[in-house]
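First comes the structure, then the notes that go with it.
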Amino acid sequence: YPMIPLSSLFTNAVLRAQYLHQLAADIYKDFERTYMPNEQRHSSKNSPSAFCYSETIPAPTGKDEAQQRSDVELLQFSLALIQSWISPLQSLSRVFTNSLVFLTSDRVFEKLKDLEEGIVALMRDLGEGGFGSSTLLKLTYDMFDVNLRNNDVLFKNYGLLSCFKKDMHKVETYLKVMKCRRFVESNCTL
């Protein structure tokens, strides 16, 4: 295999994370439009199903906190977040059979796996092949539920999609912080 420059690895990882975050936001909006009446949208944001497992790990919650962490830590957090979604996203296409979600769900899983490989490559290049992230987040998210006629299931899936969107935003932020820190660019915005 030819050596890929570190800057290219970061660029590819950031692009994948941006794409996944946008896809997660689109899926969330499509689900909301299709399944959640306006009056339920606000009440569900405060429900226990809106709790994200990622809130249980000591990961930075924004770019200012992320800038205080090492690149290795940010990569470990990113890998833990991504790996917590791999199993749940395998079932996504079975849940939403007739919408934008269905059309994009297989792509989401593939892109998530690509991003996981990219982060593993970055960790290897930065000398962090030990993958210390396994201790960060042992939990994975629940599977998406297929019974969309049940309100509890709707809220659960809505909460999962909300968490996926938040987690992909975190990964995107962490990767951008690392890239900007390492490669001073004129268009480096967070």
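From the backbone N, Cα and C atoms, a Cβ is placed for every residue, glycine too.
Taken straight from Swiss-Prot:
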- CYS52-CYS163: disulfide bond (DISULFID)
- CYS180-CYS188: disulfide bond (DISULFID)
For the disulfide-bonded residues CYS163, CYS180, the largest set of other C-beta atoms within 10 Å encircles the C-beta of CYS163
A correct count of other C-beta atoms within 10 Å of the C-beta of CYS52 (disulfide bond) gives 18
Measuring Cα to Cα, how many angstrom lie between CYS52 (disulfide bond) and CYS180 (disulfide bond)?
-> 28
CYS180 (disulfide bond) and CYS163 (disulfide bond), Cα-Cα, nearest whole angstrom | 26
In three-state terms from DSSP, label CYS52 (disulfide bond) for me.
-> coil
